Amino acid sequence: MVVIGEHRHTQVKIDLQAIKHNINEEMTRKDPLTELWAVVKANGYGHGIIQVAQAAKQAGATGFCVAILDEALALRAAGITEPILVLGITEPEYAPLIAEKDISVAVGSQEWLDQAKSILAANQVSAPLHVHLALDTGMGRIGFQTPAELSVAVKTLNTPASPFDFEGVFTHFATADQADDTYFEHQIDNWKQLIAVIDELPRYVHVSNSATSLWHQACNGNMIRFGVALYGLNPSGTELTSPYRLHPALSLTAQLSFVKKLARGKSISYGATYTAAQDEWIGTVPIGYADGYERRLQGFHVLVDGEVCEIVGRVCMDQMMVRLPHEVPVGSTVTLVGTDGDQTITLQDIADYCGTIHYEIACGLAPRLPRVYTE
Ligand SMILES: *Cc1c(COP(=O)(O)O)cnc(C)c1O
């Protein structure tokens, strides 16, 4: 099989030890009866779904959360036997497949249950379908909004001949990563009102993403959905401080593919937006916006052999240019994310420059960048 990107010296490196460290820290902090499920959606936030899941499992994760059914199927195909919850809405037509693969799904409406029930019956599926009811307490994305709707769904799940296993109930907070608690408290109030209609709570009651687990005493949960923090990224960006040191797992490196002296007055890249003010050494880096290294990063910097170098001219689809402090050889190490010597560039730095959050930068790193793992 041809692995595209294998023969270019541009790589994402993932330190699985860092992932285990972050999970261990959370494991020692949380209530011992609370389970930690690793959120590995979007190819493990760009880090690689299977490798991250295996590392998380070794560090003590007892289940997994993904966004879409295919991600759950990929985990099962890789031999993961722990519970897997699909957090988004899955089409009811896949109910037989979900049940057969012993996957759990988020459900946010009575219509979904009704449709899944008839599809399961039509296909004579006997395996129970594991359901986690999603409660919309203020995220406004998916889930039951009123106690009345919720109690009908609970009744459906608890009907004796029901094809469903009522396995969990959960909600998701919109502002757990902010210092201001007002909206969080509002969601807690809604949660309490909704949950009150369930006489017998299911096996899993969960409300915590990373930010909730790090910064809030969450109510009655017995499982946390630990996502971005397991990759060593602070869910709040820079607003709140993590109770323990998070170790970022991802770095991004390349090697200079071309080095030249550019005469004063000559320009660089599309639009000729950069002109050399004097004779300058310019290096070319084999990465571009097709790799998820955004075009907006013109003017930002990378490290070449540990020295800070500005990105000059527009970032192209597959290549970009940097201004070097002096002549360096082709093949010199370029660090785009990570540490070289006493300099560090974080995903947060890139996100700040792009006006976004590190989540978006991490999961935007393209499949063309090979992921290389170290233990
Ligand atoms: C993505 C997601 C999480 C994980 O969030 P982090 O901020 O990465 O910890 C948890 N719960 C739900 C419902 C999600 O969609």
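Glycine too: its Cβ is placed from the backbone N, Cα and C atoms.
Just so you know, TrEMBL annotations are computer predictions that nobody has curated.
Pulled from TrEMBL:
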type: ACT_SITE; residues: K41; note: active site, proton acceptor
type: ACT_SITE; residues: Y270; note: active site, proton acceptor
type: BINDING; residues: R141, M317; note: substrate binding site
type: DOMAIN; residues: 249-374; note: domain 'Alanine racemase C-terminal'
type: MOD_RES; residues: K41; note: N6-(pyridoxal phosphate)lysine
### Stretch-averaged pLDDT - the domain 'Alanine racemase C-terminal' (249-374)
98
### Task
Would you find the one among the recorded positions K41, R141 whose Cβ has the most company, meaning other Cβ atoms within 10 Å?
K41
### Task
Mind tallying the domain 'Alanine racemase C-terminal' (249-374) by DSSP state, helix then strand then coil?
24 helix, 51 strand, 51 coil
### Task
Among K41, R141, M317, these being the recorded positions, pick the one whose CA is nearest to that of Y270 (active site, proton acceptor).
M317
### Query
In DSSP terms, helix, strand or coil for R141 (substrate binding site)?
coil
#### Entry: Y270 (active site, proton acceptor) CB neighbourhood, other CB atoms within 10 A
11
